[in-house]
């Protein structure tokens, strides 16, 4: 027999190295074979539900870190809620219509114009479904648990039918209408765009000041005066029909070297500087309010028509001249104010952004090229007062990255103005994690214009509208519901395969079509109407889900996207928000906070992390960032995350190794009989558990990440597990002291594995499979630890002890530096009271102080001679008495021999004698 054979060293087959890239797919295969997703639901059937509704990612392209951040956060929530006993189904979804898929096929060489529309749409559908299969596999590889065998997909007939019915309800309530209005138009996509499809980039544009001669001053302005306007879109001047001034602002007629100009008085200095006027040359001749200027007539600078001076409240003094160039065909404010004055809506561009015949001399020119032609013309006729170039933030198409324009075209609209207040009220009834989230969506709804829902494309859900022979619109609810039923049965391709009369209910007649002829709308719906209908197409149609959802969680760009379109359609049809709680996350940047781009070489993708480090490293990283803002990732950050993972894994492994011979049924010590140090740790565990559960409830994963590290490092590694080695390895196997510690260690191991399960989904499952005597086949089928209020008095007492222990460790470190001792077991510590703390009285109730301090001997005295003064007592460290026990390495003055083993202390003699 040798000394080592007498020790109870940790034993476990749980590997030290994670090997996650290889291990995780095995665990996921096991989950699939167990049908874990449905088992979890079955366990919680009949319980209170918690519904997180998945915002559908677009079915095109590989996953980026934003996808991973989003889906992993959702998985934290659903796994946690499920372990809290909630019935929490998670149905992932995909958004499948729209321009990017059309473009992807065009890039592959598909010629859309050379085939029937329905054939092209079938190719789009095939492409979308292929993309979904790729993304689905990648989401599952991240450990996301959901109903991936039956996701919701916006191109499915049942979804499209639900969307059409929702449209029908909005139409029935007078919320859908057709109008010629200026909308964001993308010449590069040849389609209208919603606000959510716009992003801003810098653009270089001409900045011009133009003079409009007064034609009829109405007795207010001199007939030889000129109004000055400023614009950065010279190409819109052929559509100018008015000049707008603010009714309440003051304007002046200024004489500058014999020329008379009308300018806003607050802006005259800026205009003078721009146009190079000397101050002494400027003379104010007349003053008037904008209201007094109403109906003055000016001459268009190069077209034979009047530009009327009108009033509008949108005019500001932020820039320009206070007199605004007004073209109702090319601006929303212009259009609205133009309606009041019955101004014509001129928009002489085609879908490609090229001037039509209506554009006169500019016919055939691309709008951007027309800028030069217009300025040249103004220069020739003397109307151009100044031309320079500026760089400014300008709207671009989010898909093509090309500039967009405002263009008046016949479009379909969903009325925001009619439901705006109802939506704002619904926002007030919604809960938010952060106040700025509420402010953001509130302001967006408050300030947004009417929603243009039509698109001039083919890959999307058709607008279920018909026209009679005389042009009347047919938008009856019954007709729309009939179309919905056709879509549900045959899919939306039926719209393109059949004639209008075959899509209408049998025997349908209309006074506007005496010959029984009808035509159908050719536009499709905005993709935001698709995804914005998911509360109807998913929450209300799937039996396991319910409306409204408990939570919507997406990137912060969705305040103007999915959050916005969803609450609009839900309030319009159901009178309430589709979500009770709204949560958003930021974007993923590189390690320096820069946007990731291939050109910078700073792109990290989920697939790379999973293959190199494992999904649990990606998941742990998600828990380590403040996701409410933009977050950072880099190889260095992931290396730090992997280091934290290793520490967690090794701590769990150590605990596994030390409970291998423990059966809670037969070996557990009742709480009342536990050693006080073990009771302290049990109560620290309770305190820790309560805090972690609270953080999960509040979606505060960064706090969990930090507190787990703190508990592992401070409570376990630096104290309890270190202290425990002298008990777990050395004491008799069945001794009360050892079983007392194992009871608590087992509890810590089980509870910590559960608490980590939503985040480290694979590792927790692996640990669970090695914990002896657990009942559930998966940690994800277990319940979260119950929150038990800790014993505050006990915690307070031991918190003081831990501070005293810190002082002892400082004294030991000093003794080590002074070569008094080497290892701490070579020490004898003498502690006494001082003025700041009565250590002698405080320590009288503590047992096994030498083990708690990891030294060989401790003496507590009223006063210590020659001790170093610390806050928690005077402490002296000397070399321990006696010699080292060869088994436990503690020093003793009573070494002896048992069973052929020499140099054993009395404790070890007793243990070895019984072997």
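Backbone N, Cα and C define each Cβ position, glycine as well.
According to Swiss-Prot, the feature motif ''HIGH' region' maps to 57-67. The DSSP breakdown of the motif ''HIGH' region' (57-67), given as helix, strand and coil counts, is 3 helix, 1 strand, 7 coil.
The feature L-isoleucyl-5'-AMP binding site is assigned by Swiss-Prot to 554. For residue 554 (L-isoleucyl-5'-AMP binding site), the count of additional Cβ atoms within 10 Å of its Cβ stands at 23 [all protein chains shown]. Residue 554 (L-isoleucyl-5'-AMP binding site) carries a strand DSSP state (E or B).
Here the motif ''KMSKS' region' (595-599) has a mean pLDDT of 78 out of 100. Look at Swiss-Prot and you will find 595-599 tagged as motif ''KMSKS' region'.
Here Swiss-Prot flags 598 as ATP binding site. Around residue 598 (ATP binding site), taking its Cβ as the centre, 7 other Cβ atoms fall within 10 Å, counting all chains.
Shown in sequence order, 891, 892, 895, 903, 904, 905, 908 are the residues of the chain, 6+ apart in sequence, with a C-beta less than 8 angstroms from the C-beta of residue 885 (Zn(2+) binding site). When secondary structure is read from DSSP and collapsed to three states, residue 885 (Zn(2+) binding site) falls in the coil class. Positions annotated as Zn(2+) binding site by Swiss-Prot, on the basis of sequence analysis: 885, 888, 905, 908.
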Does anything in the same chain, at least 6 positions from residue 888 (Zn(2+) binding site), have a Cβ under 8 Å from its Cβ, and if so what?
726, 730, 905, 907, 908
For residue 598 (ATP binding site) and residue 554 (L-isoleucyl-5'-AMP binding site), what Cα-Cα distance in Å is obtained after rounding to a whole number?
24
Report the residues of the chain - excluding 885, 888, 905, 908 - with C-beta within 8 Å of the mean position of the site's C-beta atoms, for the recorded Zn(2+) site, in sequence order.
730, 886, 887, 889, 890, 892, 895, 904, 906, 907, 909
DSSP three-state assignment (helix, strand or coil) for residue 908 (Zn(2+) binding site):
helix
DSSP secondary structure for residue 598 (ATP binding site), reduced to helix/strand/coil, please.
helix
Taking 10 A as the limit, how many CB atoms besides its own sit near the CB of residue 908 (Zn(2+) binding site)?
26
Would you count the other C-beta atoms found within 10 angstroms of the C-beta of residue 905 (Zn(2+) binding site) for me?
25
